[in-house]
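Look at Swiss-Prot and you will find Asp109 tagged as active site, proton acceptor, backed by sequence analysis. The ATP binding site annotation in Swiss-Prot covers Asp6, Val7, Gly8, Asn9, Thr10, Asn11, Ile12, Val13, Thr132, and the record cites sequence analysis as its basis. As annotated by Swiss-Prot, substrate binding site applies to Tyr100, Gly107, Ala108, Asp109, Arg110, Thr184. Per Swiss-Prot, K(+) binding site is recorded for Asp129, and the stated evidence type is sequence analysis.
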Amino acid sequence: MILVFDVGNTNIVLGVYEQKDLIYHWRISTDKSRTVDEYAVIIKNLFDLNGLDMSRIKAVVMSSVVPPVMPTLESLARKYFDVEPLVIGPGVKTGMPIVYDNPREVGADRIVNAVAAYHKYGGPLVIVDFGTATTFCAISKRGEYLGGAIAPGVGISTEALFQRASKLPRIEIVKPKSIIAKNTVAGMQSGIYYGYTGQVDRIVTLMKQELGRDTRVIATGGLAELIQEDSQEIETVDPFLTLEGLLLIYERNSNQQP
């Protein structure tokens, strides 16, 4: 079995693969202050709750946009799984050319998503990832990573309204009953929901003009399904795209089966 880590600014998503099947997945908070042992306790509890034996893990793969937490997680793999983790970054074989001014600037999560999406759907395509930031990645018909756009995430924008406007409350991010709201909470929900849906569609429309009409649009991340409800551009929501990309990259760097 193989254990994969998608380390984001807010959450770490973990997945366990047996062969090519994702048999378990979990989401825990990203905490730079946690020790190796504290992360190990959390993961062991998750394994125990699902009847999994940690000794069956034969490989660990990680992608991260949070460099400070990586020494801890890499030590976790060595100490508790007795393996050297494969960390996505320069020197790791992805099979995807990166056509970018400085390829090292591209977040590991964006490359992992691109690898998985091109493998599953072909190109050209646009990948929208709803995380702490909302990212838009363009992939050519030949499977080249072309670049994209980065916008503040839905959660960041919502929190900014609460923090910077003294009379505005924290809100749940949901689809409002009507775009014309009758109270403050509904008004904020309307602005956030339809504002982000419009933002996504506009950016994707412009990308498709450059990539071509046959461009497919794939979304992933926490709010992908919600935004897809009113999006005119998102075709498919693929919630485990990043985890699948981690498995693919592992396979391209190893002859062993997970």
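The backbone N, Cα and C atoms fix where each Cβ goes, glycine too.
Counted over every protein chain shown, other Cβ atoms within 10 Å are most numerous around Thr132 among the binding-site residues Thr10, Thr132, Thr184.
Sequence-distant contacts (6 or more apart, same chain, Cβ under 8 Å) of Ala108 (substrate binding site) comprise Ser63, Ser64, Val65, Ile88, Gly89. In this structure, the residue listed as 'active site, proton acceptor' is part of a helix by DSSP. Cβ-based neighbour count (10 Å, all protein chains) for Tyr100 (substrate binding site) stands at 16. Residues Tyr100, Gly107, Ala108, Asp109, Arg110, Thr184 are listed as the substrate binders, and the farthest two of them sit 43 Å apart at their Cα atoms. Closest in space to Asp6 (ATP binding site), of the recorded positions given as Gly107, Asp109, Asp129, Thr184, is Asp109, taking the CA atom of each residue. Looking at Thr10 (ATP binding site) and the residue listed as 'active site, proton acceptor', their Cα atoms lie 13 Å from each other. Residues listed for ATP, Asp6, Val7, Gly8, Asn9, Thr10, Asn11, Ile12, Val13, Thr132, cover a largest CA to CA span of 13 Å.
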